[in-house]
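Annotated in TrEMBL:
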| type | residues | note |
| --- | --- | --- |
| DOMAIN | A:46-233 | domain 'Dihydroorotase catalytic' |
| BINDING | A:His55, A:His57, A:Asp149, A:Asp302 | Zn(2+) 1 binding site |
| BINDING | A:His57, A:Leu58, A:Arg59, A:Asn89, A:Asn275, A:His306, A:Pro320, A:Gly321 | substrate binding site |
| BINDING | A:Asp149, A:His176, A:His229 | Zn(2+) 2 binding site |
| ACT_SITE | A:Asp302 | active site |
Amino acid sequence: MTHLIKGARVLGGDPADLLLEDGRIAAVGERLSAAGATVVDADGLVALPGLVDLHTHLREPGREDAETVETGSRAAALGGFTAVHAMANTDPVADTAGVVEQVWRLGRQAGLVDVVPVGAVTVGLRGERLAELGAMADSAARVRVFSDDGHCVADPALMRRALEYVKAFDGVVAQHAEEPRLTAGAQMNEGDLSARLGLTGWPAAAEEAVIARDVLLAEHVGARLHVCHVSTAGSVEILRWAKSRGVQVTAEVTPHHLLLTETCAESYDPVFKVNPPLRTDADVQALRAGLADGTIDAVATDHAPHAVEDKESEWAQARPGMLGLEQALSVVLETLVEPGLLDWAGVADRMSVRPAAIGRLDGRGPRSHGRPLTPGEPANLLLLDPAARAVVDPAALASRSRNSPYAGRELPGRVVATFLRGEATVLDGKAQK
Amino acid sequence: MKRHLLEAADLDRADATLVLDTAAQIDQALAGREVKKLPTLRGRTVVNLFYEDSTRTRISFELAAKRLSADVINFSAKGSSVSKGESLKDTALTLEAMGSDAIVVRHSASGAPHRLAGWVRGSVVNAGDGTHEHPTQALLDAYTIRRRLGRLDGVRVAIVGDVLHSRVARSNVWLLTTLGAEVTLVAPPTLLPVGVGSWPVQFSYDLDAVLPKADVVMVLRVQLERMNASFFPSAREYSRRYGLDAVRMAALGDEAIVMHPGPMNRGMEIAADVADSVRSTIVEQVGNGVSVRMAVLYLLLGGSPQ
C-alpha cells in the first residue's frame, strides 16, 4: 500500500507532501505525485513521528474484561501511538520469557501498534528475588525495559543488583518510586485536602526518597535508571540535580499529572484515584516546567483500564489508575503547546524520540521508532488537527474500560491519521481494524 | 436544609442553628409526655445501613426514627448479602427499590455516603464515614454545649486526642467554628494531620497549657492499636501526657464541662472520676443525640413539628 500525504506541516513547519512506500518514507517534498497511491489530504494538519508510550497497562493476560492487547492497541493507534510498552503486572505476571512472548505475539496479531513487553524485575512482582531478566531480554520479545510497576523495588540491595544486572543487555529498570512503609493504606496526596477529606495521605516524600536513593545507586554502579510517573515538584528537583551530576537517569510524567490536581478527590469519585496520586497545582506547574526544560524526558500514559465494578465503589475500595492513551496528545496540547511551553519539535521529542531511545527502539532497523520524518526512515507517523476541539465521551473510547478522568472535559487536538510502517492504522479519525 | 447530611463542613450557620433549634423544640414537645412519640414521619421508611459495628449510634438513629413514627429497617453488613460481595451501589439500589426514603449510613470508607448520595433519590445521612466526618455527633455535641453553657459564640473548646483518625474531631472542627466557637486541638504531633495548619483552629501539643483557658474539654477515644504503629510509645505515656485525670480537671474553670463521644477507655484518655464527675456531660450527650437525630430526620424528610 502506498500513501501520498498532501500538504502536512512536518513538526509544524511549512506544508509538504510525504510519500509512504513499502513501509518507509520514500520522499518528502513539494507537489509529489505517485501513480496508484492513496492520497491523504493533510491540509492544516501537523505531522509528528508516531508516538511511543513507555507505560501502558494492556491487562492481558488476566483481566481481559478490562482491556485486551487488541482493544488497548486500538486505543493507542487512535491516540497517535505506533509503539507501546506493555507493563508486566498481568496475571500471570510477565516475569518469564513465555509470558512476554505471549504478549508480544498478541500485539503482532492485533497489528495496530508495536506492543513492546516490559518484563518484571522480580518474580511475581514480590520484590524478593530477580526474575529471569536475561531470558526475557533474549526472547523474541527482546525486552529492554524492566519494571515492577504498581510496586516499588523497595529493597535497596535488590534494586542495586537489578540496575547492575541489566547492563549486560543494555536494559533499564523503570522504577515505580514509592516507599511502601510511608504509604500503607494511602489514598491521595497528603496535605491540607487529605486532612479534610479523611483520606489517608500519600506523602510526596515517599516518592522523592526512593528517587533520591535510586539516582545515587545508579550513579554508584554506572547503570541506567528510568523513573516512572514522576508526580511531585521535589522529584523534579532531585532529577535536575542528578542529571547535573551526569547520572544516567531518565523520567516520565503522565498526562493526568500534567493536567489534574488533588482537588478532583473532593468528589470521592474513584475515577480520580491513581497511584501516585494527583498532587497540588504547584506540583503540576513544576512537572510542566520540568518536561519543558527536558529534566523530565517523556510523557508516558500509565493507561490503566479498570472494569466498572472496580471503580463504581467507595474510594478506598477502588483500584487506582485511569485511561490515557486516547487523550495523551490532547492533554499535552492543552498543558504545554497552547501555553507556549513546548513547540511541535518538543512534542515529538518528549512523546516519540526520547521514549523510543529509553526503550532502545531507536535503532536503524525497519522496526525502529522515534526516527525523524525523512526519506528512508520507517513510515511511523501521525497527522494531527491542532485546531479541532472535542468533549471527551468515555462511551466513545476504543478502550474496553470507561475510567477516563477527562469525561465531559473539552480538549484540543484530534488525531486524524496514524501510520505504522506505511500502513494506515487510523484514517479520518477511525481505526482501520 | 439540603437533601442530604453528608458533612458538617456543608452546614452554614443558619442550617446548623435550625437543627439545634428544632431539636430544642422536639425536646420541649416531648417533655413530660408519657408517650414520647410524634406522628411526623408516619409512612416514611428509614434504613440504617451499617457497615461498621456501632451499637450506640445505630440505636440512637433507630430510636429517633421510631419516635417520629417512621418505619425503620436495620441493615447490618454482617450476615447480609454484603458479606457475599454485593457492592455498595447494588445494596443502595436494592434498598431504594424497596421504598426507603432515607438511608442512614455508617461505613469504614471516607466518602462512602457521598457515593451513595449520587446513586439514590432519597436522603442520605452520614452516621460516620471512615476518618472523615460524623456530622450528627458534632450536632449533638454543639447542642449539649449550648444547653449547658447557654451559647456557642466565643466558647473555647479543647478537643484532645487522636485527631488524625477522628471523624468526630473533623465534624466538630467545622461545625463549632461555623457556630462561632474557638477550637483548640490538643494531641501529640503524630496524631494531628499534616495540613492541620489550614484548619480554622488553634493547635497545641501541651494539654496543661490549654486546660485553664477551656470552657469545654472534648476527649477523644484513643485506640490502643495506634501504639503499635508508633503514634505514641505506650498507653501509659499517652495517659500521662494527654489523659484527663482529676488533677488536670482541677485546672479547669468553674463552669467548664467535660465531654466524650464514647465509647470511653477509662483510665486511658479519661479517668473514671472525671467521667463520672458533675462536669461530665457524657450521659447527657447520649440523650441529646436522639433529639438531634430526630431533628435531622425531620428536616430532611419534611413535615412540620407538632
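The backbone N, Cα and C atoms fix where each Cβ goes, glycine too.
TrEMBL: automatically predicted annotations, no manual curation.
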Overall pLDDT for the domain 'Dihydroorotase catalytic' (A:46-233), taken as the rounded mean: 98
Most crowded position, judged by CB atoms within 10 A, among A:Pro320, A:Gly321 as binding-site residues: A:Gly321
Cβ-Cβ distance under 8 Å to A:Asn89 (substrate binding site), same chain, at least six residues away: A:His57, A:Ala120, A:Leu125, A:Asp148, A:Asp149, A:Gly150, A:His151
Residue among binding-site residues A:His176, A:His229, A:Asp302 with Cα closest to the Cα of A:Arg59 (substrate binding site): A:Asp302
Beyond the site residues A:Asp149, A:His176, A:His229: chain residues whose C-beta lies within 8 Å of the centroid, for Zn(2+) 2: A:His55, A:Met87, A:Ser147, A:Gly150, A:Ala174, A:Gln175, A:Ala177, A:Glu178, A:Cys228, A:Asn275, A:Pro276, A:Asp302
Alpha-carbon distance [A:Gly321 (substrate binding site); A:His176 (Zn(2+) 2 binding site)] in Å: 14
Sequence-distant neighbours of A:Leu58 (substrate binding site) in its chain (C-beta under 8 A, six or more apart): A:Glu67, A:Thr68, A:Val69, A:Gly72, A:Ser73, A:Val84, A:Ala86, A:Met87, A:Thr90, A:Val103, A:Val115
Protein Cβ atoms within 10 Å of A:Asp149 (Zn(2+) 1 binding site), excluding its own: 25
Proximal residue to A:Pro320 (substrate binding site) among binding-site residues A:His55, A:His229, A:Asp302 (C-alpha distance): A:Asp302
Pairwise CA distance, A:His55 (Zn(2+) 1 binding site) versus A:His229 (Zn(2+) 2 binding site), rounded so that it is a whole Å: 9
